[in-house]
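Enquirer: For reference, the structure I am asking about is given below.
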């Protein structure tokens, strides 16, 4: 279908070009007086035929270019296209009025070359400004609409915004998010950005065995989440091409959608907090449901290896919590009773420090 559309466009372009260009050629060739040749119908037919023959060579290149453009546009968010188009329109309108003013002058350079340059430059600047300032324009429109809403409507909208849970790559690979969503601890719509899916696919195609296993596990987790009827899943097909890092794209997406980033990445957690973006770290949830351990409490553990510091030993609880035991190196591969001295709690996890009792 696309091939025939391209050929029809070439036919129309060829016919138009023939009507406007061939009469001058006939005059130069000395056959302009022959009405059978020098008439609009013959010119259009010859031009259309020439351009149609060109399509047999050019159609594949035009089709490839259109497919490439379609693929690029499909990755751009609708808001980006809308604001970019508005910026382009404003730029072209300004260029139109400026060109009209310049065309009144008698200076050849100003009334011929400069208007073309102005159209190109102002159109491009308008498009770029529209894209780069789309968030500010969106916030401006939202603020104006917010003044017209009642407090009840604002609360309802704020609640609906916060229901978007945007998953990052690390939390998908981790796998625990599937169980959390299934149990209903997280409400709202789960958003899977296309750029996160692309990163997962890239990891799954890695030559490194460990990375490949992690990537495939992440894809399996996504399929499991999508098949759950109780979980609302949306794919975000937009992209932020000016931002190469996936983490930065997630932060921008959360700002645009008004959603919450769900992660277990400590660094992304801190970046979101710094930029005032709501974030849920499932490590915080995991730590919250772990049994509370207080200094002075005694427990029985199996010493499995030595620690980083001198004479330290390392043991683990059943939930995976690391216990660093002072002077515990000599008890490796032995089950001993220890006394808790302190507990270190962070978003990255929990660590218990103890000594032999």
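Keep in mind that glycine also has a Cβ here, set from the backbone N, Cα and C atoms.
So Swiss-Prot lists these for the protein:
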BINDING   229, 247  Mg(2+) binding site
DOMAIN    166-278  domain 'PINc'
DOMAIN    292-353  domain 'TRAM'
Enquirer: Pick the one among the binding-site residues 229, 247 whose Cβ has the fewest other Cβ atoms within 10 Å in this structure.
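Expert: Among the binding-site residues 229, 247, the lowest count of other Cβ atoms within 10 Å belongs to 229.
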Enquirer: Counting by DSSP secondary structure, give me helix, strand and coil numbers for the domain 'PINc' (166-278).
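Expert: Grouping H, G, I as helix and E, B as strand yields 65 helix, 16 strand, 32 coil.
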Enquirer: Can you give me the average pLDDT across the domain 'TRAM' (292-353), rounded to a whole number?
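Expert: 86, rounded to a whole number.
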Enquirer: Taking helix as H, G and I and strand as E and B in DSSP, count the residues of the domain 'TRAM' (292-353) in helix, strand and coil.
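Expert: Helix, strand, coil within the domain 'TRAM' (292-353): 3 helix, 34 strand, 25 coil.
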